[in-house]
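Trainee: The following block contains the structure, expressed as structure tokens.
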Amino acid sequence: MKWLLLLGLVALSECIIYKVPLVRKKSLRRNLSEHGLLKDFLKKHNRNPASKYFPQTEAPTLIDEQPLENYLDVEYFGTIGIGTPAQDFTVIFDTGSSNLWVPSVYCSSLACTNHNLFNPQDSSTYQSTSGTLSITYGTGSMTGILGYDTVQVGGISDTNQIFGLSETEPGSFLYYAPFDGILGLAYPSISSSGATPVFDNIWDQGLVSQDLFSVYLSADDQSGSVVIFGGIDSSYYTGSLNWVPVSVEGYWQISVDSITMNGEAIACAEGCQAIVDTGTSLLTGPTSPIANIQSDIGASENSDGEMVVSCSAISSLPDIVFTINGVQYPLPPSAYILQSQGSCTSGFQGMDVPTESGELWILGDVFIRQYFTVFDRANNQVGLAPVA
């Protein structure tokens, strides 16, 4: 009996998963708007989120282009700890990038005065390097140094993790950002500075039993969202997971069969490529078909550059259906029209990302809120199921 109990405990330990709660906060866009800075931000920063996916690197091992407007609408954030003892930071868990960086005490920029700062001298496990990091944000750069330390993620102690410590951060806009830094969860092939991404380091150390992680984004205004490392929790979805092969290993890129409304193709009629990206809030696609979708749902641009929609349209508009690997994934109007403080905006955004296989679509939080998503590195596939 004791042996059976021991075997049961061993089996249970092999299935342990680690959850990082995500909190939903005001986006950077809303913070800037409330402080009367949104128009100035949009004027100074070129609205080109596409450069996130095709960085122009001056030195491939050191520099990455990462336009700040990618994170303008992100609302989901989690807490990690870096160092011994741990220093806490609020980060975006971003499947559309691969690096980890946080502000540091070496940063004198205005943005750093309003965020948590990592102090290497307060960590007994910090190891310095001679490496540097520079990430371009529109009109300025986040520059910093690279170091190694222990990162605490949802109960996991990720030792010897390389990360960036910012020394300068661009403009006054980041002062209002609801996050301190970024934790990238894409493939190592797109990591700047040759840095090993956090999840890869966790897996290489045998800290999780399965080479995958999963994401649930709640529509609730405050809590319930989670990133799960090393496993899948079926309580977050209904039915069974449908698996989609990763078509290009870099971002979490998959093939989409078609996008339809009322049974008619409105985009991607002959198939297209898409990236599943927790670090992009909206659902983006090529400017021409997105313009047609905006017209179909009655969206028009306001003075802040937002595509506004009548809130009453939510009850009458049809679903927009994404067919992926032969399975239909409908988005109801309550998902693709975003309601906030009595006004409504479109969850779609035009963005041209040309590739050899055609223009890319980005399935951001608008899509992920509807579908529990598994990012399976072992089998290079994405799992999707309707949220519970």
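Using N, Cα and C of the backbone, Cβ positions are placed for all residues, glycine too.
Swiss-Prot feature annotations, pasted as is:
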ACT_SITE  Asp94  active site
ACT_SITE  Asp277  active site
DISULFID  Cys107-Cys112  disulfide bond
DISULFID  Cys268-Cys272  disulfide bond
DISULFID  Cys311-Cys344  disulfide bond
DOMAIN    76-385  domain 'Peptidase A1'
MOD_RES   Ser130  phosphoserine
SIGNAL    1-15  signal peptide
Trainee: Quick one: pull the CA-CA distance for the residue listed as 'phosphoserine' versus Asp277 (active site), whole Å only.
Mentor: 31
Trainee: Determine, to the nearest whole angstrom, how far the Cα atom of Cys112 (disulfide bond) is from the Cα atom of Asp94 (active site).
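Mentor: Spelling it out, the Cα of Cys112 (disulfide bond) and the Cα of Asp94 (active site) are 21 Å apart.
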Trainee: At a 10 A cut-off on CB-CB distances, which of the active-site residues Asp94, Asp277 has the highest count?
Mentor: Asp277
Trainee: If I take the alpha carbons of Cys344 (disulfide bond) and Asp277 (active site), what is the distance between them in whole Å?
Mentor: 23
Trainee: How would DSSP class Cys107 (disulfide bond) in three states?
Mentor: coil
Trainee: Restricting the comparison to the recorded positions Asp94, Cys107, Cys311, which residue's C-alpha is spatially nearest the C-alpha of Cys272 (disulfide bond)?
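Mentor: When the Cα distances are compared, Asp94 comes out closest.
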Trainee: If you count other C-beta atoms within 10 angstroms, which of the disulfide-bonded residues Cys268, Cys344 is the most crowded?
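Mentor: In terms of Cβ crowding, the pick is Cys268.
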Trainee: Per residue, counting other C-beta atoms within 10 angstroms of the C-beta, which of the disulfide-bonded residues Cys112, Cys311 reaches the highest number?
Mentor: Cys112
Trainee: Return the residues near Cys107 (disulfide bond) by Cβ distance under 8 Å, restricted to its own chain and a separation of at least 6 in sequence.
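Mentor: Residues satisfying the criterion: Leu117, Gly144, Ser166, Glu167, Thr168, Glu169.
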Trainee: Applying a 10 Å Cβ distance cut-off over all chains shown, what neighbour count does Cys272 (disulfide bond) have?
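Mentor: Excluding its own Cβ, the number within 10 Å is 21.
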Trainee: Around Asp277 (active site), which of the listed recorded positions (Asp94, Cys268, Cys311) come within 10 Å, judging by Cα atoms?
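Mentor: The recorded positions passing the 10 Å Cα test are Asp94.
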Trainee: When DSSP is mapped onto helix/strand/coil, what comes out for Asp277 (active site)?
Mentor: coil
